[in-house]
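**Q** There's a structure below that I have some questions on.
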Amino acid sequence: MKGPASGGLTPASGRALAREARDRAPGGSGGGKARRDASGPEDVRAAAASSATSSSPSSSEDTGIAGTAEAQGSTRAPRGGKIAAAAVDQASVWNIANLLTMLRLLLVPAFVMLMLADGGYDPAWRSFAWAAFAIAMITDLFDGHLARTYNLVTDFGKIADPIADKAIMGAALICLSALGDLPWWVTGVILGRELGITLLRFLVIRYGVIPASRGGKLKTLTQGVAVGMYVLALTGWLATLRWWVMAAAVVLTVVTGLDYVKQAIVLRRQGIAERKAALEETEE
């Protein structure tokens, strides 16, 4: 038998090592088990090695804590990303294109007051009214271009843009007819089409949004030129020219209106078919 001087372990020293391993182990569970099971030198060495392993920084418990922290960090990142994405989506409504659309809506009451000022026949006030009307028409061209170029297209813009067009156009047509400058039937045809298409947009919005078409933009431009010429109360050959421009605007109004009705019917059929297919897949 080897003595203490030769490097051997006595039962007393074995118990001391086991107690030390137990004290060093986190929670004491490893040390307690080593103390109970250590009956010899080999067992003591194994218990000490086990205790050292359990107390090392690379233990499974520490890894679990680090993994939990990483998981929490990875969980917080997507959550923050969703919040940031939601903020971007919410802020995107307040873009330059939509602000121009809102400006056109604010110009409607200003135009009416200028148009009817001093009885509605004062050339100076009619010129100011024409300026307000022209600004509304020009900004209509810019907001659409900005929305498409800088990817600022929103559902709000798709709906509010045509409403702003119809509001300023409707106000001008009613004022002109009330002043006797434009036949009421022209105002009725144009406003009937515009209000009907607006209502149609809201009826099919559950299936999708009908965007403004090129024909619709051409119609708006033609109407703007014709109404602008009437607002200025032109005479002579310019009065004849404005009549032909208004006639072209009425034709485009009817043709594009029928095209929107066709798009709405197709959109509704597609939406119903997609919902029916989804319902059948769910039942299966």
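Every residue gets a Cβ built from N, Cα and C, even glycine.
Predicted automatically and left uncurated, TrEMBL annotations should be read as such.
Taken from TrEMBL, the feature region 'Disordered' applies to 1-78. Sequence annotations record features per position, and here TrEMBL assigns compositional bias 'Basic and acidic residues' to 34-45. What TrEMBL records for 46-60 is compositional bias 'Low complexity'. Under the heading transmembrane segment, TrEMBL lists 96-116, 128-146, 167-185, 244-261.
Please go over these features one by one and say how buried each is and what sits next to it.
**A** Within the chain carrying the transmembrane segment (128-146), a Cβ under 8 angstroms from the stretch's Cβ atoms is held by residues 95-98, 100-101, 103-104, 107-108, 110-111, 114-115, 117, 152, 157, 161, 164-165, 168, 172, 212, 217, 220-221, 224, 227-228, 231-232, all 6 or more beyond its ends.
Here the transmembrane segment (167-185) has Cβ contacts under 8 Å with residues 104-105, 107-108, 111-112, 115-116, 120-121, 133, 136-137, 191, 194, 220, 223-224, 227, 230-231, 233, 246 of the same chain, all six or more residues outside its ends.
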**Q** Sort out the residues at least 6 away from either end of the transmembrane segment (244-261), same chain, that have Cβ-Cβ distances under 8 Å to it, and list them.
**A** 182, 186, 189-190, 193-194, 196-197, 200, 210, 213, 215-216, 218-219, 222-223, 225-227, 229-230
